[in-house]
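Enquirer: When I checked Swiss-Prot for this same protein, it listed these features:
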TRANSMEM  3-23  transmembrane segment
TRANSMEM  68-88  transmembrane segment
TRANSMEM  100-120  transmembrane segment
TRANSMEM  147-167  transmembrane segment
TRANSMEM  172-192  transmembrane segment
TRANSMEM  217-237  transmembrane segment
TRANSMEM  253-273  transmembrane segment
TRANSMEM  294-314  transmembrane segment
Amino acid sequence: MSIINLLTTIIPVLLAVAFLTLAERKVLGYMQLRKGPNIVGPWGLLQPIADAVKLFTKEPLRPLTSSIMMFIMAPILALALALTMWMPLPMPYPLINMNLGVLFMLAMSSLAVYSILWSGWASNSKYALIGANRAVAQTISYEVTLAIILLSVLLMSGSFTLSTLIITQEKLWLLVPAWPLAMMWFISTLAETNRAPFDLTEGESELVSGFNVEYAAGPFALFFLAEYANIIMMNALSTTLFLGGFHNSYNPSLYTTNFIMKVLILTMAFLWIRASYPRFRYDQLMHLLWKNFLPLTLAMCMWYISMPIAMSSIPPQT
């Protein structure tokens, strides 16, 4: 795998992240009956570039009592993991065609918890640490349901390879037979990426900023990029799992166009939800998962395991 292949994946992702921040501000603006950014460049299109220049040219301050090494490593790890998770995603051909691509993505999303924990702990601030603890508890909790939903979907697909899901869904989207799972998956991805109405770690309208409260300039920008890269990546994964695109081996570019449209629609849904819903209380957030989602997903998983056996067939083998 050459460095060019790597760059052709990473650079478009970072560009998409930059313009997603602009899209979010524009969408929120119009939903609140105002314009949003419209000064820098035509229709405010150069706003992300201005933001990036401002953030990366500021002096990266840090608290005097912070742990320097960990304080700097946490945002780097966050962005590195967010970009690594794009590798096994089929668009329609992945950067690295892994045999266990789904497990790799689960492992990487679990590792992302460490960057949050390190940033809160290394800041040597009680507010950052409390924010980090809340973020970690939320992320780990919702990973349980994400893993069970993934297992149920993979039982229908018959393989841990993401590319197989495209072939599985050529005739019918998995959204149709597994719509309860798809709904729970979408809500869990909102919680996993710390987005409204589950953004209790940041709580922009009440708290300061959560685990990254002590960060400024470049390191803060890295956290910001990682968060938005994760949002787009989760929507891309949702599309692969439940909204399998039209795939014609003679014209693979059609798949990519189809894929991009679906990811954009899901991302707009994320922004729409942020503009529409108030924040959950922390106990409601945990009750939703442990008392509602977990029993439901376990029951659905048992259903998808027992159905093929009851119908005297076996799960598909690849």
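Think of each number as a place in line: the chain as shown, counted from 1.
Any Cβ shown, glycine's included, is placed from N, Cα and C.
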Enquirer: Which residues of the same chain, at least 6 past either end of the transmembrane segment (100-120), have a Cβ under 8 Å from a Cβ in it?
Expert: 70-71, 73-75, 77-78, 81-82, 84-85, 87-89, 94, 128-133, 135-136, 139-140, 143, 146-147, 150, 154, 160-163, 192, 201, 211-212, 215, 223, 226, 230, 237
Enquirer: Do the transmembrane segment (68-88) and the transmembrane segment (294-314) come together with 3 or more C-beta pairs under 8 Å, pairs six or more apart in sequence?
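Expert: No, the transmembrane segment (68-88) and the transmembrane segment (294-314) are not in contact.
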Enquirer: Is the transmembrane segment (147-167) in contact with the transmembrane segment (294-314), using three or more Cβ pairs under 8 angstroms as the rule and ignoring pairs under 6 apart in sequence?
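Expert: The answer is yes, given that the two segments have at least 3 Cβ pairs within the 8 Å cut-off.
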Enquirer: State the residues, same chain only, that lie 6 or more residues beyond the ends of the transmembrane segment (253-273) and have a CB under 8 A from a CB inside it; answer 'none' if no residue qualifies.
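Expert: Sequence-remote neighbours of the transmembrane segment (253-273) are 20, 23-24, 27-28, 31, 91-92, 166, 186, 190, 195-197, 231-232, 235-236, 238-239, 243, 245-247.
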Enquirer: Under 8 Å between C-beta atoms and at least six residues away from its ends: which parts of the chain pack against the transmembrane segment (3-23)?
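Expert: Same-chain contacts beyond the flanks: 37, 44-45, 47-49, 51-52, 83, 86-87, 95, 224-225, 228-229, 231-232, 267-268, 271.
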